[in-house]
Amino acid sequence: MSEQSCQMSELRLLLLGKCRSGKSATGNAILGKHVFKSKFSDQTVIKMCQRESWVLRERKVVVIDTPDLFSSIACAEDKQRNIQHCLELSAPSLHALLLVIAIGHFTREDEETAKGIQQVFGAEARRHIIIVFTRKDDLGDDLLQDFIEKNKPLKQLVQDYEGRYCIFNNKTNSKDEQITQVLELLRKVESLVNTNGGPYHVNFKTEGSRFQDCVNEAASQEGDKPQGPRERQLQSTGPEQNPGTSELTVLLVGKRGAGKSAAGNSILGRQAFQTGFSEQSVTQSFLSESRSWRKKKVSIIDAPDISSLKNIDSEVRKHICTGPHAFLLVTPLGFYTKNDEAVLSTIQNNFGEKFFEYMIILLTRKEDLGDQDLDTFLRNSNKALYGLIQKCKNRYSAFNYRATGEEEQRQADELLEKIESMVHQNGNKHCVFREKETLNIVLVGRSGTGKSATGNSILGSLVFTSRLRAQPVTKTSQSGRRTWDGQEVVVVDTPSFNQMLDVEKDPSRLEEEVKRCLSCCEKGDTFFVLVFQLGRFTEEDKTAVAKLEAIFGADFTKYAIMLFTRKEDLGAGNLEDFMKNSDNKALRRIFKKCGRRVCAFNNKETGQAQETQVKALLTKVNDLRKESGWSGYPHTQENVSKLIKNVQEMSQAEKLLKNLIGILQ
């Protein structure tokens, strides 16, 4: 009775949630002062539990901030230490457990947190939980209820907690909004305490024992859950696994200077590949050497930096026509960069997304770690590298190049065991080359901007008729093709869909032309290049873009790149400054819709200068292709039918409008 009656004079709140959910910022908002460390970071900001309090309207409010207590990558010792500290700070009771979730970022980690709360605090705790959503500002004009309805796992979680939730904007500068959201939360807490007949009583011994059981269970099942890299990798290194194939083919990949050749020599147990420190790449071509290991033939293929090669597929096929059993990405500890990611992108472009299932990461220069723990270093150093390790299911090894004798042999054996295990898990199959798909580039825009000349520049030959005329030169869609950097490229030149002279006489011509445009595209990914003339953005350009959106859908710009012709008119200026300083709102709006993707052509260029600007465009297209999940504008039969319906409805509307204007005149 005394505990319940004191709830009017004191409220104790426990913040729970995954890393970066906004717990600390929420705690600061509740207390009305900055007491918990809060900043955006890819690593955990809060390392230990912290208790702070403040008197708000004659009521003491106690807030306990916590690190991510239920993270699947945290070690068991840290979990146990933090949960014990949390329980000590929470005693004797809590008026509410606040589960903090960031709007738009509900993930499996949040579900793990909810499950962890029940495991540690027991089923009774569910009756005392309130969900606090953060990042209210990200909702914009949308309703929180609508957002919850659209996310089934989140909707189920809200139902599990009987619809108890509120939302915070921790970025607001409005004092009224700050106090309003805090008071709303505290009213919900008071109501919850009254409904439950009192607060949640913390039994340190019971909860601590329950958590220890949870830790023990996790430790016994670490093969089924994502643990730290070392724990995860140990389960697949046993030498007694099914021997499977009698040969292992390993392709060494990595940026220039990563130490691929030295790694190959360590695996082979002899100096087979040339090594040396040089500003230039020591390995200029693919080289293959082999050794016998546990009655298997192990072929090691040393490769130059494949991100700089034009025809990687033909080069690799000379040595392994079917593809390798394993990719070994060699990268020095502490030096994982964008150059490594360029190598991965090249592999993905040639082998597809599945190549991650065939990759192991070899970290060299382990000797530079000194006394540091490798797992700790990986967790706390490079986010991109750690993410890659997780994507590869924690398959990695580390080499100490100062190792000799038995130690050198041991680290080579451990790596080969991992490779053997991975190959066995992949059914002893090779990672086969990705089926080459054509890249379709559709040139669109008003007439007179230089679409045909741009098409000829991309193709490197005079395929499309291009000359200065008062009337549109291109009457119908046509295509040309070339091979660029081993990639088949089809360029489709189109008429201006809003300036077709014969459409007025025969409205069906527009429908026919859209069909023809799409039929020129071959099997593969399709992207648009919106062509404008530098310094001459007109009302016709605006109309042309509006027409394209009406035909291909409002989101077609997601698959589009802006291209300005007459680059020579820039003189000593650059395109970035031109766009930045443009006072044309319509042009800037299109630029934003196209994701700020833009380039410029001088269609009078020839030779290497012409190829340089073509490379710049196709690089942007392939970057966009990668961003869009290796898929372009959908021209499936279903989508084509939808487009034709759009065209028919648009033609009918234009016809009615024309008749109406005629009547009014």
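Note that the numbers count up from 1, one per residue, in the order the chain is shown.
Heads up, the Cβ atoms here are built off N, Cα and C, so glycines get one too.
In Swiss-Prot this protein carries:
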BINDING   G17, K18, C19, R20, S21, G22, K23, S24, A25, S38, R135, K136, D137, N170  GTP binding site
DOMAIN    8-210  domain 'AIG1-type G 1'
DOMAIN    245-435  domain 'AIG1-type G 2'
DOMAIN    436-644  domain 'AIG1-type G 3'
REGION    44-48  region 'G2'
REGION    217-246  region 'Disordered'
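Projection of Swiss-Prot feature records onto the structure.
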residue : record           : DSSP (3 states)
G17     : GTP binding site : coil
K23     : GTP binding site : helix
R135    : GTP binding site : coil
(message) How many Å separate the two farthest-apart Cα atoms among the GTP-binding residues G17, K18, C19, R20, S21, G22, K23, S24, A25, S38, R135, K136, D137, N170?
(response) 20
(request) Can you check how the pLDDT averages out over the domain 'AIG1-type G 1' (8-210)? (result) 85
(request) Measure the Cβ-based neighbour count of D137 (GTP binding site), defined as the other Cβ atoms within 10 Å of its Cβ. (result) 12
(message) Let me spell it out: for each of the binding-site residues (K23, R135), count the other Cβ atoms within 10 Å of that residue's Cβ, using every protein chain shown. Which one has the most?
(response) K23
(request) May I ask which residues of the same chain, at least 6 positions away in sequence, place their Cβ under 8 angstroms from the Cβ of G17 (GTP binding site)? (result) K23, D68, L99, V100, I101, D110, T113
